[in-house]
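Noted in TrEMBL for the protein shown:
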REGION    51-76  region 'Disordered'
REPEAT    277-311  repeat 'PPR'
REPEAT    312-346  repeat 'PPR'
REPEAT    347-381  repeat 'PPR'
DOMAIN    360-512  domain 'PROP1-like PPR'
REPEAT    382-416  repeat 'PPR'
REPEAT    417-451  repeat 'PPR'
REPEAT    487-521  repeat 'PPR'
Amino acid sequence: MAEMKGKIEKGGKKMQPKLTILKLFQKSLAPVPHQINRLLARDLSTITQFPLTHDSPFSPESPSRLTRDPKLSDPENGNFSISPLANWVDNPTLENFKSISAEGGIRGDIDKVKGILKRYFPSEDAVVKALDESGINATNDLVSQLLERFSNQWITALGVFIWANNQTGYVHTPRLYDLVVDILGKCKKFGIMWKVVNEMNELNGHVSFSTMSIEVRRLASSGMYKDAIDVLRGLEKYRVKKDTVALNMVMHALAKQGGAKDAYSVFLEFKDSITLDSHSFNILIHGYCEARMLDDARKTMEEMEKHGFRPDASSYTCFIKAYCKQKDFRNVEVILNEMGEKGCEPDVIAYSIYIRALGKARKINEALVVYENMNKNSCKPDAKFFSTLIYVLGRSGRLNDAWYVFEDMENHGVSRDLWTYNAMIYHACANRQGNSALKLLERMEENSCKPDLETYQPLLKMCCKMKDMKVLKFLLSHMFNNNISIDLSTYALLIRELAESGKLDHACFFLQDAVLNGIVPMDRTYEILLKELVQNDMVEMKGKIEKLMLQAKEQI
């Protein structure tokens, strides 16, 4: 890809230890927008207290750290008090995360490049030029972290990729090629994505099954089912084997995105030329169940048996999930009984799905029975099961019990993972336990458990609702340093919650920030902001936001 630049077009209290998890259930329930008009951006930047420029100290891309009073309290604004965490919030230590710990001077280079890239760039050429002038040498580790950090900003990511590739002696790894293909697909830049893939194919055979699966997944998620199927048809052109694994990959991508009928058409087209396995049929069953086409799912299960494959726990779990979504627990029991009759015991996934659905329906006593059956069948809980249990308890208002489960996991031989931390942080935030929620984030850092967007979203939402802009700034900086890129849903959350909390200047900032990063907010998000601006007589700002969105949509 040596000529790519030229070829590519533009915590709460715990229960006493004597309690067991089983006893927890025995309690009764408690009731391309970078080319927008820059004059408009300058107009928006005149907002007082919260300047709408990317170099603002509050900018989501700004790596600057919080400087605040050690007491961290602002009762006048309803802020939560996190005094015990003052030192950590003011002096975050992120080196424990494997993703950003590095040898030598790489950390300094990363910070320097991030500082350069926090600005907006109208094209990948502008990114390349800025990085060329920095004098920094590209390494695979540096490029990897930058692609992760800017995974929702395709122009910046592609610019980084081209800049590194142009350097003498530097060679992209296959993983980095796959990363940029994924970013382009996620941002729906499929024309450029295919140029990159074809360029890869002309090189050293860098196109792999992984590359093709990324393409198929991104095409299917955009509803481009025919294009996804065409990838399977043309695999051999890229020297990728067209086998059972490839067929299942395409069928799964289609079925997962609501294309059950298209998955079946692929099945029919290739069933005589590619060997099928039990997973092929389970994918179809899953797709039909997700689409609530249960009769077709049953017929597929019958066809599965005709081909000599015995339905397994995964097959039946598809039906359990479908009935749980409908709150049809009677038919869930029918499926469980059918499994027992056929000697197919439910697995921890099936139990987790069932218990979660019962918890959402506030049927804790019934969930107890399911948990007892799980124990009788010697089905051991895993981290995802405990996450489900925490969710159920938190949803029913029993936060102390959820804390107990969280702390007691390791006594059951199960380590806390991202899922369990996220579940506990979610409920701590939902109950406005800001101190505890931030302590959990700190514990993740201490235990080298890297957070993701799902970790931060409830924390960001809580800060917006409580109008704590200082902690919000810290969290955005924390995300930046962990190479976590703000996506469309996170921008929507920030804009919506800040607007409804009366922080309209801040909400306008994030709408502009999204647009300048190539992300056009959804109409619903935009309408909420406009409504609040009208109600607060901010007519001039409303006009500027309308112009901003109009120009952004014209660039799509």
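Glycine is no exception: its Cβ is also placed from the backbone N, Cα and C atoms.
Through the fold, the repeat 'PPR' (277-311) approaches residues 244, 247-248, 251-252, 254-256, 258-260, 263-264, 267, 318-319, 321-322, 326, 342, 344 of its own chain, all at least 6 residues removed from its boundaries and within a Cβ separation under 8 Å.
Secondary structure by DSSP for the repeat 'PPR' (382-416): 27 helix, 0 strand, 8 coil. Looking only at the repeat 'PPR' (312-346), the predicted model's pLDDT averages out at 95.
Helix, strand and coil residue tallies for the repeat 'PPR' (312-346), in that order: 26 helix, 0 strand, 9 coil [DSSP]. Using DSSP to sort the residues of the repeat 'PPR' (487-521) gives these counts of helix, strand and coil: 26 helix, 0 strand, 9 coil.
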